[in-house]
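> Reproduced below are the annotations present in TrEMBL:
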- 696-754: domain 'CBS' (DOMAIN)
- 81-102: transmembrane segment (TRANSMEM)
- 130-151: transmembrane segment (TRANSMEM)
- 181-198: transmembrane segment (TRANSMEM)
- 242-264: transmembrane segment (TRANSMEM)
- 276-299: transmembrane segment (TRANSMEM)
- 331-353: transmembrane segment (TRANSMEM)
- 368-388: transmembrane segment (TRANSMEM)
- 442-461: transmembrane segment (TRANSMEM)
- 467-489: transmembrane segment (TRANSMEM)
- 501-525: transmembrane segment (TRANSMEM)
- 531-552: transmembrane segment (TRANSMEM)
């Protein structure tokens, strides 16, 4: 836990001067009052490591690949398909589990509260009902928040920013562990049942990713079980491909949108893409939707009717009454503008709130208290709004799950209660499909305003929860309001069906908050089962994205930035051509000789001041006339495995007759390599020599020091590297480019900014 003083110290020490021309950074760090943690947006954290998308082509790897014949490669390919099918099935089952449990628990809660309210409406004393509702909410959310805050903090939020970072190549600690999955699923159930303004759709994406990472490794490090299958896939390259399939399967289970899932994985996540991968990911998404569909239809008692493809089902929009005409296109575009502005407002408010949380609410007990407070406030606001609303609608012909009568006449229900007294998914569907005249404009206006602030306050709490459904709900409410006012203005002419505008408003609001374009269009089309709306939805989303990007960035990117993750975008900053590799790289580089003393290796690895993860290997000749040229690159994890298995000889000129290590030894240690402190090396062993030639990667990627930053960036990003060695014209190592060196440069308001690095 960071105390304010330690954070201040970090703020002052964090200007790592690589060159003298970065001095102006020190003026950029804002001077704050010493009683709070300084605003840490201009920092990049050093605690995040990169994933290695690039295989180390050492002699062991090449020997193994030469041994594998054609049929063995075929079985590997079949295994990939089997894993994708398993990912789909399991993700679908987890989605079913969440859905069924939420439905039953929330139903129980609403029935209890409804009975209580009906009882006290006649006798007076409704404050008891309010107390009951608020207490139920707060206690359920307390459990959901405690497990997240104290057991696995990574499970907080929707998990989409974390998965985005993982697919970008940043190793976020604990993000794809089994423990995270369990906490995530339980946390989602509890926060939705606790009546927070959240959805269960975002976390499905994280859950799918965890399932994929677990299955593809064929073992569980949390449970200490190794099933001895899929050992070939135990490296970052393969794991990352499967995680993108898992994320896609999560989207398609959540929205019933397999194509949308594939496009989501492509747009938000994966940095690397090929056609085989696309087809496998689509397969996983389809399987996941189908599993969810069949299990839910059996659960609902009609086994052959596959009508619930996703967790959220917007219902079918029929074309007769829902067509649109050319003159409505400008109206849709205007709605897109409104959505972009409201989304930007949402993100800006959430930004300041998150800054406040980082500064003051960084202790787990405070986080739990805040979550309980939000739950109680949400219940209170809902109750007061229902209590004050005089908007009554006739019950017959309406599809309300829990109609609250309150002060309405017999045979009528309170229409504010359909919005608040329900899970958010049901409320969205009601706003889309209730017949015209079901809602009073005043009801909708009040609901939009209150829910906007509630959802904004809720996102970023220490509970696992998504932001998809709340945004759709806010958008659907103001979209429906817009449609109603249009039909007032045009004297009730037929083309203003409020349901259609509710759909457009929902798309505009969600697009304005998360700024996804392609995948969101397809997801909305698949979830409504209607292709006619493809064009207007696309227009609305494009407008919302353009307008929103003018003010602030999308919610997920903003949270990635607030966590100081070294995230690499698709392109280098536009104005960065003036920088060269010499100015970007980190120096000095710790190099190892090809045949090195064990003591030296141990000292380098245990040196805490330089926790490097890759070491260039140079020629080990004592002769001063020749250049110590670059021979290869070896990773910290490989060195640790070598020391652990004690692969060394007494003197340099002895022929190497030690036990041959296999690639399997490296794979068994993946992904949690032991720390160097746990490996004991005796005094005699320190004098031995270790030959790195067959373990190092003999052909690492290098760039000359004159290469421009965009060129270095392109190479690094497209190949998914972790280390890029910078050499001079004599092939001597002069520097090393890692992810932090590239992510430091960002386009700010005044042009190219450089972020400082902090050890937090």
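Count begins at 1; order follows the chain as displayed.
Every residue gets a Cβ built from N, Cα and C, even glycine.
Any TrEMBL annotation is an automated prediction that lacks curation.
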> Looking at the transmembrane segment (276-299) and the transmembrane segment (331-353), are there 3+ C-beta pairs under 8 A, with each pair at least 6 apart in sequence?
no
> When secondary structure is assigned with DSSP, how many helix, strand and coil residues does the domain 'CBS' (696-754) contain?
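Output for the domain 'CBS' (696-754) reads 16 helix, 22 strand, 21 coil.
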> Taking the transmembrane segment (242-264) as the reference, which of 130-151, 181-198, 501-525 gives the largest number of Cβ pairs under 8 angstroms?
501-525
> Per the 3+ Cβ pairs under 8 Å rule, pairs at least 6 apart in sequence, do the transmembrane segment (130-151) and the transmembrane segment (531-552) touch?
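Stretch pair does not touch.
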> Take a look at 181-198, 331-353, 368-388, 442-461, 501-525 and tell me which one has the most Cβ pairs under 8 Å to the transmembrane segment (467-489).
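Stretch with the highest Cβ contact count: 501-525.
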> Run the contact check on the transmembrane segment (501-525) against the transmembrane segment (531-552): 3 or more C-beta pairs under 8 Å, excluding pairs closer than 6 in sequence.
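Contact between the transmembrane segment (531-552) and the transmembrane segment (501-525): present, because at least 3 Cβ pairs are under 8 Å.
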> If you count every Cβ pair below 8 Å, which range out of 181-198, 331-353, 531-552 shares the most with the transmembrane segment (442-461)?
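Between the candidates 181-198, 331-353, 531-552, the best contact partner of the transmembrane segment (442-461) is 331-353.
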> Cβ under 8 Å, sequence separation of at least 6 from the ends of the transmembrane segment (81-102): give me the contacting residues as numbers and ranges.
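Sequence-distant neighbours of the transmembrane segment (81-102): 181, 185, 188-189, 192-193, 200, 204, 207-208, 211-212, 215-216, 230, 233, 242, 245-246, 249-250, 253-254, 280-281, 283-292, 295-296, 299, 311, 423.
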> So are the transmembrane segment (531-552) and the transmembrane segment (331-353) touching or not, going by 3+ C-beta pairs under 8 A with a sequence gap of 6 or more?
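Result for the transmembrane segment (531-552) with the transmembrane segment (331-353) is yes.
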> Going along the chain, which residues at least six beyond the ends of the transmembrane segment (368-388) come within the CB cut-off of under 8 Å?
126, 129-130, 133-138, 140-142, 144-146, 149, 194-197, 357, 361, 404, 406, 414, 416-417, 420-421, 446-447, 450, 454, 457-458, 461-463
> Mean pLDDT across the domain 'CBS' (696-754), rounded to an integer, is what?
86
